[in-house]
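Handing you this structure, nothing more for now.
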Amino acid sequence: MPVPASWPHLPSPFLLMTLLLGRLTGVAGEEELQVIQPDKSISVAAGESATLHCTVTSLIPVGPIQWFRGAGPGRELIYNQKEGHFPRVTTVSDLTKRNNMDFSIRISNITPADAGTYYCVKFRKGSPDHVEFKSGAGTELSVRAKPSAPVVSGPAARATPQHTVSFTCESHGFSPRDITLKWFKNGNELSDFQTNVDPAGDSVSYSIHSTAKVVLTREDVHSQVICEVAHVTLQGDPLRGTANLSETIRVPPTLEVTQQPVRAENQVNVTCQVRKFYPQRLQLTWLENGNVSRTETASTLTENKDGTYNWMSWLLVNVSAHRDDVKLTCQVEHDGQPAVSKSHDLKVSAHPKEQGSNTAPGPALASAAPLLIAFLLGPKVLLVVGVSVIYVYWKQKA
């Protein structure tokens, strides 16, 4: 029986089978697609490039791949296969190649701020917006960053020997968090210090702050305090920061006042020796009985081996100008500190008066007068007595 021309043409069994298999294949492709991120975590040094691997097992459903840092509504778009400008991101494979399933990316010039978990996400093509289809498990990127050079700071004001002063050491921007810090004075490790690493929790980078206590001695002008930082990112020696104790210490002077004889009559040379002081800034004032005689600023200093200085000032005193004893004072102002002083008592002796014509003879001269008279008049007396005796003799004989 012939088939009427008005009946619809029924699909052949082959066509039905083809359509059915195509539909089943598409559904199976969607169900079987997997987004594979083989690296659970990677670590990259700051300044280098990081490669984030991602492959898919199917090209179905049709739609782009996008990369994000973080998950949830606040995640950050790192790369979009179809649109956008991402100057630091390049693809590892040729995405224009047919049947490409490798969507790995490379991020250049990594900084600590790039640390985080990166997700490779497959989208299904939609209109007007694409719909997220499946995400990879994520790859955690950690950044190894070197610590900055340690900066050591001392106290704001100078301190004298036997006092305890504090020094601080800071270093920033390193990752991971583990770090070692040590203090040294002249090569000897210090133990009295406290160290903190911030923040306490997870962070893209960290900072370290340490405070050490140092007891000053008179020999510390040439001493150094060193802060040493060791970190996994440092290939060679640890980083070091240094502070010179010459910028911290003040060594007060010791004074000695002495009297030196001079050849000139009625003059005495008094010297003031200022010893073992640091820093150099010093002013000296001479006082006679409390009155200022002379003020001078230290110059032409003598440096000692320990870094301290010596200086000597002298004062020439005219003794004849004084009727009474003189108190000489050497007063020193060092580095803006209250003055210190040392005194010396200068004895003024009574001077003998010149003898005049009316000056009474002393006891010694009075006792010697009779002897002197006898010595001068003795021969004359004997002569007179002799002449008298001869005259009497001739008178009687006649």
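Using N, Cα and C of the backbone, Cβ positions are placed for all residues, glycine too.
Just lifted these from Swiss-Prot, have a look:
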{"type": "COMPBIAS", "residues": "337-354", "note": "compositional bias 'Basic and acidic residues'"}
{"type": "DOMAIN", "residues": "253-347", "note": "domain 'Ig-like C1-type 2'"}
{"type": "CARBOHYD", "residues": "ASN244", "note": "N-linked glycosylation site"}
{"type": "CARBOHYD", "residues": "ASN291", "note": "N-linked glycosylation site"}
{"type": "CARBOHYD", "residues": "ASN318", "note": "N-linked glycosylation site"}
{"type": "REGION", "residues": "337-361", "note": "region 'Disordered'"}
{"type": "SIGNAL", "residues": "1-29", "note": "signal peptide"}
{"type": "TRANSMEM", "residues": "372-392", "note": "transmembrane segment"}
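So that I understand the layout, could you describe where these features sit and how close they are to other parts?
Taken together, the residues of the domain 'Ig-like C1-type 2' (253-347) have an average pLDDT of 91.
Taking Cβ-Cβ distances under 8 Å and a sequence gap of 6 or more within the same chain, the neighbours of ASN244 (N-linked glycosylation site) are SER223, GLN224.
Cβ neighbour count for ASN291 (N-linked glycosylation site) (all protein chains, 10 Å cutoff from its Cβ): 8.
In sequence order, ASN266, GLN267 constitute the residues six or more apart from ASN318 (N-linked glycosylation site) in its chain with CB-CB distances below 8 Å.
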Tally the residues of the domain 'Ig-like C1-type 2' (253-347) by DSSP class, grouping H, G and I as helix, E and B as strand, and everything else as coil.
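Once the DSSP states are binned, the domain 'Ig-like C1-type 2' (253-347) shows 3 helix, 62 strand, 30 coil.
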